[in-house]
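J.: Here it is, the structure in full.
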Amino acid sequence: MGKKGDLSAFERGMVVCARRAGLSISETADVLGFSRTTISRVYREWSEKEKSERQFCGRKCLVGARGQRRMGRLVRADRKATVTQITTRYNQDLDPFPVDERPAVKVKEGTGITLICDPPPHFPDDLNYRWIINEFPNFISMDSRRFITQKNGNLYIAKVEQSDRGNYSCFVSSPSITKSVFSRHTSLLPQPEASKRYAAYLQVKFPNTYALKDQNVTLECFALGNPVPVIRWRKVNEPMPASAEVSASGAVLKIFNIQPEDEGTYECEAENIKGRDTHKAYVYVQAPPEWVEHINDTERDIGSELNWPCIAKGKPIPKISWLKNGTHYTTGELRIPRLTIQYAGMYQCIAYNQHGTIQANAELKILALAPTFDLNPMRKQVLAAKGGRVIIECKPKAAPKPKFSWSKGTELLTNDTRRVFIWEDGSLEIINITMLDEGSYTCFAENNRGKANSTTTLSVKAATKITLAPSNADVSVGENATIQCHASHDPGLEIEFIWSLNGFIIETDGTDYYEEHIRETDNDKCELIIKNVQLRHAGRYTCTAQSIVDNSSASADLVVRGPPGSPGGVRAEEIRDTSVKLTWSSGTDNHQPISKYTIQAKTSLSDEWKDVKTEIPNIEGNMESARVIDLIPWMDYEFRVIATNTLGTGEPSLPSPQIRTEGAAPTVAPSDVSGGGGTNKELTVTWVPLAREYHFGDDFGYIIAFKPFNEREWRKVTVTNPESGRYIHKDDSITPATQFQVKVKAFNKIGDGPFSSIAVIYSADEAPTEPPTEVTAHVLSSSEARINWQPVIGQTVTGYQIRYWRSQDKEAAAHRVQVEQLDEPVRLEGLIPDTLYYLDMFAFNSAGDGPRSKRIEFHTKKAPPSQKPRIISAVKSGSQYIITWDHVKPLSNESAVKGYKILYKPVGQHAGTIYSTGEHSLEVPAPMEGEYIVEVRAHSEGGDGEVAYVKLTSDTSGIFPSIIGILLPTFGLLVYLEF
């Protein structure tokens, strides 16, 4: 390390511990050899940071032993022997959970509970929390009843049920270091008790939250209660952000890409039938600086004023600082009342707040020059219309700004408040032009650095005039309209016609509705044709004849008659169970009287609008109210009104506010009443639930009446679930397969509906009491077996279930085959070769499963040979082919070869001739035409082996790539040598 106090011995950038626990400042200075003044300054900086845990820790803190923060004060040194930076190093880590046992938790059913995670020391803080129940990897799924907060990992159960019994472990993972740990288990023991209802109580509440613009924000809110509370979110006095998303059954609100306008008070509400609880907190959205307006390279005249805007937005509001040529210049607004050469240079505007800094650079150039027209000379000729107005521009480049004067020929011009004006920027304006104004005009510009002039010629032309103005027109929708416009103009100039409707220019090219026709004669003429006129084409049409020097305009109105506009202010009043009074106000009649109105409605169950009946069948055009009848009781409705006249039907009105009709007793009975089946001692009744439009009121449900066939008294039960279509009555006195009469009716809080027709059903059968007998397994091959049994006699049996599993597997892993053939054998396929299997089976019916049969064993045969035969020759001899192959030698775990199977078939077909032989060769007929395939496979008690094949044609030579065959035609011999 070098001598004490000699920092030159340290490597640049080396990190050295500057303090040990328990050492004073002076002791630490002695250890490192620094002056006590230097160390004191260093520690003062650290103590300021330690005053605020949030400021010191920033976003990440590492916790060591419980209750202590693991941190080190570090000094960075360089070879100049100066302390240049103080930093803190944290090691990324996730400690294991303590090994201490966690006590069991006993809780009454129906109450809420919180299981504490208490994560171990870790860094960084980006942990993911889950909970395991009983064994890994059985993770708990969050729903409306269970919630895991990602703030500290605690598990909340709103209402404990017996199904929650088990051993719970908190599972913590760190995506930063890909490490996971889990706690010792906590046993949750629900205690049976009559469920008591209690009001919603918020257990997880989100705090005031700070976020930066464009970050994602997560707010958590969860309540305990019985029944399980419903969580709702809202932003107080404002709509929810468009990017907000509710998840985890309402417990989590995520705001993606948060913006400053999303700041505000957010509220979560938990509610059940016993009460509600709410919580509010503020979400603050801050942002780094962003430019609203920044500086750009600028040229200004010497002596002029400069207000250089540099504006940034952010939260907190950014501060502005200026640099000139790299040196601090000023803060806030930059304003220079009179520019001189010394102000020229490179400027930098810096906007900053606690979240960031932005900067903009620009060069300021100060101009000082005599007037010159070189860059912007005056036009050689300026045209003007007689009786009109002209502006002749004079814009020399000069700094400072010059003084201007004008002359016509040799005559000096002065400001004449009646016709001639010299503007401040040097331009010359002449109004009410006459032919005498023609001539040569010169502009003079002069400043303290020099003077210059430039000359132009003014030429006066005849004015453009409308000679035939457009005329007003009146047409109906679908007709064509023609508007004419004639104009005169100077013969030496060209004109064009421009049409506009209500001030908006009409594009006549490439449109389906407008055409423009222009005829050039002594006076130019133009026609605008509007084809298939629609209501939107009504309005004021303006024709403008325009030349390069002036223009003239004239207008006319086009009236379009058409179907009425949509009525307004549709409102429902005097609401009853099947009727409602509807009022509205008439819309525009579009110049044709309204003859009638049509009323339509739609319910909350459908998006389709349908015509509805009214007390007065025909609603005349002068009416603005009507009573709608034959509505469905206790139904949500919206209404709209449509007007009609002799020219057609208009657009519908906007829908009325939604209303709900009053309730009434049901009038429709449930349909398809039936049932039967189930388990022993049960009577199952089913029906088709009534659709929502037939409920007619709140507290809707069903009354089921039933009785044995030979009894007179009906028993009645109530089902309060409006969506239910099934009821199961359990009674130990019910005998199997007893005939019952059943009928069902609907009810609501207003009254009962009619009963359905009486249906006859039977109580559940008794489950089989006997198992199948004489269960046997006949092994067919290495992968197949046939199962036989004697069926159960004298009992109702729907089918049989066969279970089989390998001897080394657990019974729970058994494969199951369900069959409805009561006495036919079943073939098991896909078995593993050379394996001992266990098998049992049982009968079942709608009442349940019968007892299992006696377990049997069977052993599959060894696998067939995996080696396929190697065909060594295929030789044509006369009308036969002789196919020869090598003998297949099975492996030790494979079945012995009993022979060979040969399939002879045409190419492309599945069917063919099958041969069987114990030899290594076979003769097959030579193909008369086309191609045939010969497939050869070894056969064993374990099944058939792999296939080898050869393709035969009428000209097959019998020579194969691995064989040299020499056929001696005289003797019909084949001699081959194999390589």
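Cβ from N, Cα, C; glycine included.
Reproduced below are the annotations present in TrEMBL:
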type     : residues : note
DOMAIN   : 96-182   : domain 'Ig-like'
DOMAIN   : 192-286  : domain 'Ig-like'
DOMAIN   : 289-365  : domain 'Ig-like'
DOMAIN   : 371-459  : domain 'Ig-like'
DOMAIN   : 464-561  : domain 'Ig-like'
DOMAIN   : 566-664  : domain 'Fibronectin type-III'
REGION   : 650-676  : region 'Disordered'
DOMAIN   : 669-766  : domain 'Fibronectin type-III'
DOMAIN   : 771-863  : domain 'Fibronectin type-III'
TRANSMEM : 959-977  : transmembrane segment
J.: DSSP helix, strand and coil counts for the domain 'Ig-like' (464-561)?
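T.: Taking each residue of the domain 'Ig-like' (464-561) in turn, the totals are 3 helix, 56 strand, 39 coil.
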J.: Please count the residues of the domain 'Ig-like' (289-365) that DSSP assigns to helix (H, G, I), strand (E, B) and coil.
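T.: Once the DSSP states are binned, the domain 'Ig-like' (289-365) shows 3 helix, 50 strand, 24 coil.
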J.: Please list the DSSP helix, strand and coil residue counts for the domain 'Fibronectin type-III' (566-664).
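T.: Split into helix, strand and coil, the domain 'Fibronectin type-III' (566-664) gives 0 helix, 47 strand, 52 coil.
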J.: How many helix, strand and coil residues does the domain 'Fibronectin type-III' (669-766) contain under DSSP?
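T.: Per DSSP, the residues of the domain 'Fibronectin type-III' (669-766) fall into 3 helix, 47 strand, 48 coil.
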